[in-house]
């Protein structure tokens, strides 16, 4: 019987012939720890981002904060939903035949795995594109990248990720219980049908495309900011650009490190045409690496903030000494001045003073 076309029995052949054995206590421990740490980290990041959005009045950073909040909220719900289902599966001793007769739970699990996997990658690339436009085309960004447009972009990204996740269901292809019996995804064992390979390759290609767009846009943004820094002596007002590009670079590095093993593994399974040598342990390790992305993403916003960077600057300047600082005095003084300007601009009085400065200069 072809299990890919029989929703009620999808993946049950894997349960009978599974050779992938995982230690239950260790697996439950990992699932609970990942879910708890992810929920706490993303909740803390949401609080920080919402406070920054309410306090910061610059339109360029407001759009970035909206996208960042969407990314963190997506990671939070990913931990809540996927983590809760995984813990339930472990608590039920992975007896899918008993609680998954109609394959509803496996389908929901697979849809959530695809959606909460692709959506953060898409949002990371959209954030990189938004920041690239904000730096290279500031006038266009100030007129077109309004909060309403950013919310529309968030909605479109989520709808596209939902469409990709629902594609197998719309094609009457059930999600499969994997060999470890702990999660559901596209068919990864004995993949011979072109459509099963298509889903695996589609997932991998979209993930790599999102990472490539992030890399390209961040590179353009970084080069543009460095060129402005070298050519112009007036560095005020650009500290928020550098803060955001540092956060984007950190998100991109985390995503590449965490997601590359899983994306490469899925691509190799899709290309191998049923001759894949990927073991269950390899796939499970790649999945856990991808899970770390949703844990590390919020810490980018928790740690790479102006207040934290300011303290790091003070600690570094105190520990490194005068001789080391003199070698890069132009860079460190620029960062210090930018942080001061950013701190002043965040306060209501400072914002009014900075708005009056261009008028006074025009009068002169």
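Using N, Cα and C of the backbone, Cβ positions are placed for all residues, glycine too.
Lifted from TrEMBL, the feature list:
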| type | residues | note |
| --- | --- | --- |
| DOMAIN | 41-301 | domain 'G-protein coupled receptors family 1 profile' |
| TRANSMEM | 26-50 | transmembrane segment |
| TRANSMEM | 62-90 | transmembrane segment |
| TRANSMEM | 102-129 | transmembrane segment |
| TRANSMEM | 150-170 | transmembrane segment |
| TRANSMEM | 198-226 | transmembrane segment |
| TRANSMEM | 246-271 | transmembrane segment |
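Here the transmembrane segment (102-129) has Cβ contacts under 8 Å with residues 7-11, 64, 67-68, 70-71, 74-75, 77-78, 81-82, 85, 96, 153-154, 157-158, 160-162, 164-166, 168-169, 174-177, 183-186, 203, 206-207, 209-211, 213-214, 216-218, 221, 248, 251-252, 255, 259, 290, 293-294, 297 of the same chain, all six or more residues outside its ends. Long-range neighbours of the transmembrane segment (150-170) within the same chain, counting only residues 6 or more positions beyond its ends whose Cβ lies under 8 Å from a Cβ of the stretch, are 63, 66-67, 70, 74, 107, 110-112, 114-115, 118-119, 122-123, 126, 130, 186, 199, 202-203, 206. Model confidence over the domain 'G-protein coupled receptors family 1 profile' (41-301) stands at 86, taken as the mean pLDDT rounded to a whole number.
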